[in-house]
Amino acid sequence: MAAPLSSITDILFTDTKRTRFTTNTNTNTATTNPNPNPLKPKTRRKNFPIHCTTSKSNPEAPSTTTKKNPSLSEQLTPLANKTLSTSIGIQPNVLSKPKSTWVNPTKPKRSVLSHQRQKRAPYSYTPQLRDFQLFAQKINECGNSDDEFSDMVKEIPHTLTRENALLVLNSLKPWPKTHMFLHWMRTQNLIPMETIFYNVTMKSLRFGRQFQLIEELAHQMFHDGIELDNITYSTIISCAKKCNLFDKAVYWFERMYKTGLMPDEVTYSAILDVYAKLGKVQEVINLYERGRATGWKPDPITFSVLGKMFGEAGDYDGIRYVLQEMKSIGVQPNLVVYNTLLEAMGKAGKPGFARSLFEEMIESGVEPNEKTLTAVIKIYGKARWSRDALELWERMKENGWPMDFILYNTLLNMCADVGLVEEAETLFEDMKQSEHTKPDSYSYTAMLNIYGSEGDVDSAMELFEEMSRLGIQLNVMGCTCLIQCLGKAMEFDDLVRVFDVAIERGVKPDDRLCGSLLSVLSLSQGSKDDEEKVLSCLRKANPKLVAFIQLIVDEETRFEAVKEEFKVIMSNASVEVRRPFCNCLIDICRNKDLQERAHELLYLGTLFGLYPGLHNKTNSEWCLDVRSLSVGAALTALEEWMWTLTKIVQREEALPEFFLAQTGTGVHKFAQGLNISFASHLKKLAAPFNPSEEKAGCFVATREDLIYWVRSKFSSAAVAT
């Protein structure tokens, strides 16, 4: 008999209708075609080793009878009859039939870069299974003390095995019990400690945000020589991120790379978010590109992280890069990604692109939620696109899109910013008629802001009475808007009543409320009785500020004392109210005809950086920008500037060709009247400034006119003396 010949038949399945097979006669090993792309699924190939012998007899001719669509077994029958040995002593080495696995065709297999994750061992039913489940339940119900736990583990029903240990660890719900049971397993040394035991325990500790314990377990694994796998590092990194320990997350991620482990998509998404929150934009981009180079396909969460990062930085090009990457990879944005990108567009100041992205979302079939619509409305409001915002509101009602308090209040604030009183009132009435979005404190505050900006005292007070009647809490912002409205109307009795009611209802005055009272005080030019009413409210809100007012209006107070107290007042005030405070204090001094004190306060404000853009100089133009000043502060700054220019002309120093004073057009509610008062003061000084024909809210003077004005002014003074 000839020597036996080992042969492998490769069956290649190409589709459900056609079957092709080849015979590989390599005497050593089967020839396989390596898959060039490790992430691309391989073609299904089954290898059947066939033990055969050779003989001198001629093979029988195959049957000429043809069958329609022969089965695979029928195709292999002739080959088997001629190649398989009939000798009893020689048995074919046939592989066992693989277990069939059902795959859901509608749910794609999760792509994993690293295959070093532990596979979950299936639990087979044994009589001990029920006993260990009850045992785990008893541990869950016992106390957390060491003594109670020690007494409970003594009741372990059977000898501990790997499968039973995993069952107990997965069944323990409180993280302290999981940690105590792992420690007990390690000290008892009943079974070898494996990585999967630590992974299950770490996941339980992550749920309890116990990063310190997780890190201790990781160091314990290093000490005991237990390998940390992908799941271990992923759990450590994600827990550090969850606990806002971003430096720790970066440390363990870098340590993971040094071990040679490749992170999976969960780890990649987590560490990208960590780098983004640390503001390490370049590191995020490098890590993203490194992951893409290894074949990683980012999920929508990753793109949401990237979009948020670029949005925080106001990087419009970065946001476009995210969209292009999603299209190139074929990732369809979900609602979370769209919301993140829309918010990013708002921070980047791109309302047009945000509108296009919103329309693209609608066309793709993704329905917006309250967060989406709120983001778009905020973008339109910031860009003062009131028409687009109102059109979107109509679409919300027509399509039945969800609207909540935040969305309604955002619309109301947008109407307040652009002065759409009627539209705001319509929105407010819609809220009253709605069953789910009744007006709350913030809704009433928005309406008070609108009426206060318009100076509609009657509507504002009517709304205040309605709030009192319905028991709606007046917050500090609503109180501020109402006091400012009443102060401009000189309704001091109602102002005091509103302030006292607010204090009784628990409103704690903040710096903005104090600034509103200070503004009212600067505007009051009536009797001392009215001034005292405002001071009484301000004294309850900020007694130190009232003491400083009394200090500066005293002509005997020295400048050094004013400077020291000014520094204390401004240091205690929040940053956004420091300049308004200084403006109001200057106005108060000018109202009391304390011009020199007003100039001292302007000097102190400039000294402490409250007016950084007041003076701007170029080779051809010097500019005085008073758009952020009150009327009294602007006039004081003009007088100071003209005095300085006069000194420069007298010293015959170099001057630019043009001089420009900017007051703005008075569109902003706090800038109303500034342009008129400034022009009137220029006439009073006979300064050579004329309104600009090219730019509204500007006054221009040439170098020749300014020199002529200075010389004529001092020559007239010399003649008079």
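A Cβ is built for glycine as well, from the same backbone N, Cα and C atoms used for every other residue.
Since we're looking at a predicted model, the values are computed, not measured.
TrEMBL annotations:
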type: COMPBIAS; residues: 22-34; note: compositional bias 'Low complexity'
type: REGION; residues: 22-74; note: region 'Disordered'
type: COMPBIAS; residues: 52-74; note: compositional bias 'Polar residues'
type: REGION; residues: 98-120; note: region 'Disordered'
type: COMPBIAS; residues: 107-120; note: compositional bias 'Basic residues'
type: REPEAT; residues: 229-263; note: repeat 'PPR'
type: REPEAT; residues: 264-298; note: repeat 'PPR'
type: REPEAT; residues: 299-333; note: repeat 'PPR'
type: REPEAT; residues: 334-368; note: repeat 'PPR'
type: REPEAT; residues: 369-403; note: repeat 'PPR'
type: REPEAT; residues: 404-438; note: repeat 'PPR'
type: REPEAT; residues: 440-474; note: repeat 'PPR'
type: REPEAT; residues: 475-509; note: repeat 'PPR'
type: DOMAIN; residues: 624-707; note: domain 'Smr'
Self-check item: Long-range environment of the repeat 'PPR' (334-368) - Cβ separation under 8 angstroms, sequence gap at least 6
Solution: 300-301, 303-304, 307-308, 310-312, 314-316, 319, 322-323, 326, 375-376, 378-380, 382-383, 385, 388, 401
Quiz item: So what's near the repeat 'PPR' (369-403) in sequence-distant terms, Cβ-Cβ under 8 Å and 6+ beyond its ends?
Solution: 335, 338-339, 342-343, 345-346, 349, 351, 354-355, 358, 361, 410-411, 413-415, 417-418, 420, 423, 427, 437
Quiz item: By a Cβ-Cβ criterion of under 8 Å, what residues six or more beyond either terminus of the repeat 'PPR' (440-474) are in contact with it?
Solution: 405, 408-409, 412-413, 415-416, 419, 421, 424-425, 428, 431, 481-482, 484-486, 488-489, 491, 494, 498, 501-502, 505-507, 669
Quiz item: Residue counts in helix (H, G, I), strand (E, B) and coil for the repeat 'PPR' (299-333), per DSSP?
Solution: 27 helix, 0 strand, 8 coil
Self-check item: DSSP helix/strand/coil residue counts for the repeat 'PPR' (475-509)
Solution: 26 helix, 0 strand, 9 coil
Self-check item: Three-state composition of the repeat 'PPR' (264-298), taking helix and strand from DSSP
Solution: 26 helix, 0 strand, 9 coil
Exercise. Take the domain 'Smr' (624-707) and count its residues per DSSP category (helix H/G/I, strand E/B, coil), listing them in that order.
Key: 40 helix, 14 strand, 30 coil
Quiz item: What average pLDDT does the predicted model assign to the domain 'Smr' (624-707)?
Solution: 88
